[in-house]
Amino acid sequence: MAMSSYMVNSKYVDPKFPPCEEYLQGGYLGEQGADYYGSGAQGADFQPSGLYPRPDFGEQPFGGGGPGPGSALPARGHGQEPSGPGSHYGAPGERCPAPPPAPLPGARACSQPTGPKQPPPGTALKQPAVVYPWMKKVHVNSVNPNYTGGEPKRSRTAYTRQQVLELEKEFHFNRYLTRRRRIEIAHTLCLSERQIKIWFQNRRMKWKKDHKLPNTKGRSSSSSSCSSSAAPGQHLQPMAKDHHTDLTTL
């Protein structure tokens, strides 16, 4: 009851704060800042007690928040940490050291020396195909010497009119060619020896068919078969005669 009556009867006046608009205009803050900086300059000349030695460098007031106007700033020594809210953030010009950047995962892979790519262990290396001598085409002179694959299917040779005319002329004089003459004709007509040989074989068969001549190969085979069949009968007759004479003598 005594406290409440004292508060009621006292001459306490509520503080009058300026409205927010005055803060935005800067008049109130500007006057207070001038008073604060003036008191800060006055506090720099203040000599503290002899507990801590005075440093050689001059002291500068902080621009940030600090003690109120009229208070002196203590000198900073080597073992004393500055007090106040601004002491936690350091000097205005100083910056916190940035942390070192974390190494990227791809940077390590690039720094390592890259060697030749190794095939996976499950896959085997392809071996070159083996080409045996019988798989090569060597019986034709006009074949590509660099070709090492299998023998392709032979195509029918198309002779030109000039080649056929020269071959017919040669066949009219000689139905059978020697090796030397065959080589000469092959070089003259730009053909191979095998092509010349096959053409002459076919031309001889056609000539025999046109003249109705018997095939020499068929006649020789038939004559040999007849001779072989007649030989056993000749040997059987003397044996039968000898057997008959033996029976009569008995």
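Each residue's number is its place along the chain shown, starting with 1.
Glycine residues also receive a Cβ, built from the backbone N, Cα and C atoms like all the rest.
Look at Swiss-Prot and you will find 152-211 tagged as DNA-binding region, backed by sequence analysis.
Annotation source Swiss-Prot lists compositional bias 'Low complexity' at 105-115 (among others).
What Swiss-Prot records for 220-229 (among others) is compositional bias 'Low complexity'.
If you look up Swiss-Prot, you'll see 240-250 marked as compositional bias 'Basic and acidic residues'.
Taken from Swiss-Prot, the feature region 'Disordered' covers 31-126 (among others).
Taken from Swiss-Prot, the feature region 'Disordered' applies to 210-250 (among others).
Under the heading motif 'Antp-type hexapeptide', Swiss-Prot lists 131-136. The motif 'Antp-type hexapeptide' (131-136): residue composition by secondary structure is 3 helix, 0 strand, 3 coil, according to DSSP.
Each residue in the DNA-binding region (152-211) gets a DSSP state, and the totals come to 42 helix, 0 strand, 18 coil.
Mean per-residue pLDDT, taken over the DNA-binding region (152-211), amounts to 90.
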